[in-house]
Amino acid sequence: MGRREEMIAKIKELMLQPERIRNIGIAAHIDHGKTTLSDNLLAGAGMISEELAGKQLVLDFDEQEQARGITINAANVSMVHNYEGKDYLINLIDTPGHVDFGGDVTRAMRAIDGVIIVVDAVEGVMPQTETVVRQALREYVKPVLFINKVDRLIRELKLTPQQMMERFSKIIMDVNRLIQRYAPEEYKKKWMVKVEDGSVAFGSAYYNWALSVPFMKRTGVKFNEIIDLTLKGDNRTLRQKAPLHVVVLDMVVRHLPSPIEAQKYRIPHLWEGDISSDIGQAMLNCDPKGKMVMVVTKIIIDKHAGEVATGRVWSGTVKSGQEVYLINTKRKARIQQVGIYMGPERINMEAVPAGNIVAVTGLRDAMAGETVAEEQIEPFEALHYVSEPVVTVAIEAKNVKDLPRLIEALRQLAKEDPTLHVKIDEETGQHLLSGMGELHLEVKLYKLKKDWGIDIEVSEPIVVYRESITKSSPMVEGKSPNRHNRFYIVVEPMPDEIYNAIKEGIIPEGRVKNPKEVAKKLAELGMDYEIARGIVDIYNGNMFIDNTKGVQYLNEVMDLLIDGFHQAMDEGPLAREPVMKVIVRLLDAQVHEDNVHRGPAQIYPAIRTAIHCAMMKSNPVLYEPYQKVIINIPYEYMGAVSREITQRRGQLVDMKQEGEVMTIIAEAPVAEMFGFAGSIRSATSGRALWSTEHAGFKRVPNELAQQIIRQIRQRKGLDPNPPTEKDVCPLF
């Protein structure tokens, strides 16, 4: 029996013992060494050869990832680790650190119970680290910390052990501050990481060594020995004395929870159903004999097998031939192949029980975030993505006969990655693809050309703006075309505290199921409780509140009113861009008793026009997306980089100096950041390391707003002149 077969046999045996399973992720800022750490853990567990580990980047198996040297897709792999004489099955998911791929991180967090946060010892905690920690804690995922690239502190910065300890303490404090800020109330203290108990390890993923206090106590290895070996460059002895995989995986087994432990506190927060029901209990107890429930976290398109859905099994056992329901899509499906991933290789299994990460084929209509179950149940709460699409390109097939394939290719891309939005521009017939940034779209379009072999023409990237208001409107009346239905509304700007709570998922988006609970949260954030009690719907950072009293037949048209509210929010009055931070309050209404006279053709225009008219009376404004830019450069390029940023309407937020290296943190509008990669490369002779992340939306300066509105309207084939109140408000 070969090494691989032995491994598979062991994995099969451990899959049945959930107390011996750890579902974990590795998450970090770009280039902090996450994929190198993953590979060396795999090498240690005997999954790839040690010589290749760290150079091979086994989890970066997409050829684009290898070429760019960044991880784009969240890959997963199962491996076995022995701790205190017992074998454990570790399912590892490697997630991207680049902000344009933040959606993958969000999806991976749903499948795992614990996460290794990797922080570069030289750079410390960076903005993307904060984003990833926030996502993990929001999904009730417990963290441990690995401080990487310690070899650079010894070799390049030549720090003394004392200085290194000070640096580690600062990183640990920063990570704990994030845990304090974002962890669920009952875990703020419990989940803090500490050197003493071994929930912190430090080392070098590239040179394959690590240390933790329990390891040093157990083996007698001293930090000073490690420093000497590093200075001598004796990497082989380093690897043997303090093997990375032993230290890190020991920390994982000891401090991160098994599915049996984790599901007890995660299920009540992630699942919206009744916990006391049979299925609720089966998930709570990770019961392989219960009814099967899994959540899809990723769809991969495989050349041979078609669509492969990977996800987490919460209860029951996934078997080939099983009939299942896709809860969100409301479709039935039959599971075909069942397996697990070992890197790019999918290994077939007869069945995969609760507590494991599974890969299945046959779920053709599933998307990431789908709940799959043996019977119809409540779905898991929607996945929250930290960024939103801010850049759009228009795509056309060069050859008309490729059009059907282009449509199918875009459908599949959007399915693999729900942070991509695809829609057809009805005016021009072009397909519009929106993503989280220039790199995100570049990678996806390359994939489209390569995998599908379609010749496409791509427009210059276009920025997605937002419309909003700055003051409350007077009451506006909206009438249906037949004049039988009237709605009286006001619009108000949403306070930042409430908007941020929605964006952070503290107040969930969607139809409000429990108005009292949401009203209480809104009141805590400063909204009048009596007004907040009428909350009906939250949509893309906007709110619809029903403050009417006893209006007859209103309930019958409420769904239509919500649809009309969504239409008004999807396309604002200024330039038909999405709306943000607007509260729409319905104060009174008259609804016709006969439903023939109150259908969609009557209700939609009435509510839509009323909202747009009210917005025009509330000093409407345009917002644009901003990016945070983090640049590391040698000191002498400081001036050139500052100029590059200020020319792009950017502002310097912070600067730090570390030896010869400067870290500049700036914010700039996305619209001005196109082509930044080329400019910064030539300004610094290619010596800048930089990354970006979404920094929210800011108001466009008035002098630019009119010009931008004109450009957007012209592009959409509308009258270029910005509309006036008269144009939008009908004369009743």
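From the backbone N, Cα and C atoms, a Cβ is placed for every residue, glycine too.
Checking His98, His597 against Swiss-Prot, you find diphthamide recorded for His597. All protein chains considered, the CB of His597 (diphthamide) has 14 other CB atoms within 10 Å.
Within 10 Å of the C-beta atom of Ala28 (GTP binding site) sit 28 other C-beta atoms, taking all shown protein chains into account.
The C-beta environment of Val150 (GTP binding site), restricted to residues of the same chain at least 6 apart in sequence and closer than 8 Å, consists of Ala121, Met164, Phe202, Gly203, Ser204. Taking the Cα atom of each, His597 (diphthamide) and Ala28 (GTP binding site) are about 57 angstrom apart.
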